[in-house]
Amino acid sequence: MTLDLTPGPVNVRDFETAARDRLDPAHYDYFASGAQDELTVAANEAAFRRRMLVPRVLRGGGPPRLETTVLGTPAAMPVLLAPTAFHRLAWPEGEPATARAAASAGVIMIAAMLSTVSIEDIAATGATLWFQLYPQPDMAFTESLVRRAEAAGCRALVVTVDSPALGRNERGDRNGFHDLPPDLHCANMREGGHVRQVVLSPHISWADIGRLRSMTTLPLLLKGVLHPLDARLAVEHGVDGIIVSNHGGRQLDTAAASLDRLPAVAEAVAGRVPLLLDGGVRRGTDVVKALALGATAVAVGRPVLWGLATAGEAGVSRVLSLLRTELENALTLCGATGPGEVTRDELGGILA
Ligand code: FNR
């Protein structure tokens, strides 16, 4: 069933309302929730709201161009789809619907290891993909996932490092929602006749990053770095990019807001590798703020799921086009002709 989208949601928040109306309440809670008191979920968005832009005037540069290249992958705008698990909970077709919308918008989708459709079937949509990995203690299996991602044409490997365990999700506890329904499974974990258990291991260490580094020539990003010392270690381990992220507040509750950590990480990295940011990006102006504080691009998690749950591929397309229109408008009103022109100066008056 598709929803009539006219007049329809006019911003990302409207899409959340529309998605909540459509989804099974336990599934809505799975997508929306964070760990424990959800303080980090709130902090991510609050960090954007606290910072105010200081536009420049009379620059006469004409309309902005949003195209960019992130670690060698061209993209129509500096907004990626963050990896999120279980898209078939949101929409029957699942990840391929999301991927087609990403492809139409010309943006990069970071496909989650915990997808409900296999990486090969997502890649068959023709979308530009990166692959997100939770390194599994069985390194031979981890390597097989890396090889599959390479063979499927993924253009970068994103290793999530903020999950040595699962965060405590109390909405899930209340709803008794801990497992996928029996008709869904983690398609990439299928091996022979069974589906492998996913292991989030506290034993994963920098040595494993070294192993992954030597395993592939794909650009390697770490996702979930907040501390400048970890950012420095990442560069020392040959990592090509860092995603400043607290997993959308779903892991360690009260972890600092991503945007608040971006300046310190940017200072530590000093331009040696590009930085991405996710967590709480809901507006074009949010993208501008992240770029100004040192990000090359941002990623969005829940907004994509709200679009998918509302109207499948058309809903994701609409969410991406709303963000694009807002970003274009924000850059124009800031007097910037492109993402690369946004610097901290544009933000003269950050309210901390
Ligand atoms: C996630 N995220 C995530 N990250 C990851 O590395 N692997 C994963 O499988 C998932 N799964 C997942 C499921 C759901 C439902 C959500 C909401 C998030 C985290 C995601 O990549 C990203 O860090 C956050 O979603 C960004 O915050 P916003 O945009 O949702 O505020």
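All positions are counted from 1 along the displayed chain.
Cβ coordinates come from backbone N, Cα and C, glycine included.
Values in this document were obtained by computation on a predicted structure and should not be read as measured data.
Feature annotations, courtesy of TrEMBL:
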type     : residues                                                                                            : note
ACT_SITE : His247                                                                                              : active site, proton acceptor
BINDING  : Tyr30, Gln132, Tyr134, His247, Arg250                                                               : glyoxylate binding site
BINDING  : Pro83, Thr84, Ala85, Thr160, Lys223, Ser245, Asp278, Gly279, Gly280, Val281, Arg282, Gly301, Arg302 : FMN binding site
DOMAIN   : 4-352                                                                                               : domain 'FMN hydroxy acid dehydrogenase'
As a whole number of Å, the Cα atom of Asp278 (FMN binding site) is distant from the Cα atom of Tyr134 (glyoxylate binding site) by 17
Densest Cβ environment (other Cβ within 10 Å) across the binding-site residues Tyr30, Tyr134 belongs to Tyr30
Mean per-residue pLDDT in the domain 'FMN hydroxy acid dehydrogenase' (4-352) works out to 95
Among the binding-site residues Gln132, Tyr134, Asp278, Arg282, the ones with a Cβ under 6 Å from any atom of ligand 1 are Gln132, Asp278
Listed in sequence order, the residues of the same chain lying six or more positions from Arg282 (FMN binding site) whose CB sits under 8 Å from its CB are Asn11, Val12, Arg13, Glu45, Phe48, Val300, Pro303
Pro83, Thr84, Ala85, Thr160, Lys223, Ser245, Asp278, Gly279, Gly280, Val281, Arg282, Gly301, Arg302 bind FMN per the record; greatest CA separation between any two, in Å, is 22
Once DSSP output is merged into helix, strand and coil, Gln132 (glyoxylate binding site) belongs to strand
Note: in the chain of Pro83 (FMN binding site), residues six or more apart in sequence with C-beta under 8 angstroms of its C-beta are Ile110, Ala111, Ala112, Met113, Gln132, Val158, Thr160, Lys223
